[in-house]
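Residues or ranges marked as signal peptide by TrEMBL: 1-17. Annotated disulfide bond per TrEMBL: 26-45, in sequence order. According to TrEMBL, the domain 'Cupin type-1' annotation covers 59-205. The oxalate binding site annotation in TrEMBL covers 104, 109, 114. The Mn(2+) binding site annotation in TrEMBL covers 107, 109, 114, 153.
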């Protein structure tokens, strides 16, 4: 067996989105404190006799979230912070709602593949692969599209009525990188952005003002 093959076999288990659980479930026992995502691994599990069916039921996506006036989009992300019963199960999910013409701007999830199921409406949906090729089409009620891990993707309501999508992720902490906000609202030095995008100082200032950090409701 070659050295390269041995190295491949050694590192193969490390590429899984989340570690496999060693028990049926682990509902975090935080006492009276809220769950913090960065501290999940430090929480003990609830004693199984104290776990109830209610620990595995979540009602927080019955209605849309708050819509952005700029994008016409509302998103509700659900991970073990909002729904502790997801802890160690290697998944999370989200509800996304679109007003007519609403858009979920280009973004990606560094730690998860996403599947998006259309519950209502018509959504132009797609992603860009590592060769720069766009894979996009209009999907309607009952159709599902998959966005591979780390691929930039987007969604636009092209119908005349509201649209709703249910997204699921193969990680309890998929991460979210919004491209416009990351590029123009994170404080990258002006000279870099001006040269990279061929912008004048005035054009860049307009973009920075538009995407400056603020409370965001976009969360796919």
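Note that Cβ sites are derived from N, Cα and C of the backbone, with glycine treated the same way.
In TrEMBL, annotation is done automatically, which means it is predicted and not curated.
Owing to the predicted nature of the structure, the values given are computational and were not obtained by experimental measurement.
Positions of TrEMBL features highlighted on the structure.
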residue	record	Cβ contacts under 8 Å, 6 or more apart
26	disulfide bond	45, 46, 87, 88
109	oxalate binding site	147, 149, 150, 169, 171, 174, 175, 176, 177
153	Mn(2+) binding site	106, 107, 108, 114, 125, 126, 127, 128, 147
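DSSP places the residues of the domain 'Cupin type-1' (59-205) in helix, strand and coil in these numbers: 22 helix, 59 strand, 66 coil. Within 10 Å of the C-beta atom of residue 104 (oxalate binding site) sit 28 other C-beta atoms, taking all shown protein chains into account. Over the domain 'Cupin type-1' (59-205) the predicted model carries a mean pLDDT of 96. Residue environment of residue 45 (disulfide bond) contains 16 other Cβ atoms, counted within 10 Å of its Cβ in all protein chains. Among the binding-site residues 107, 114, the residue whose Cβ has the fewest other Cβ atoms within 10 Å is 107.
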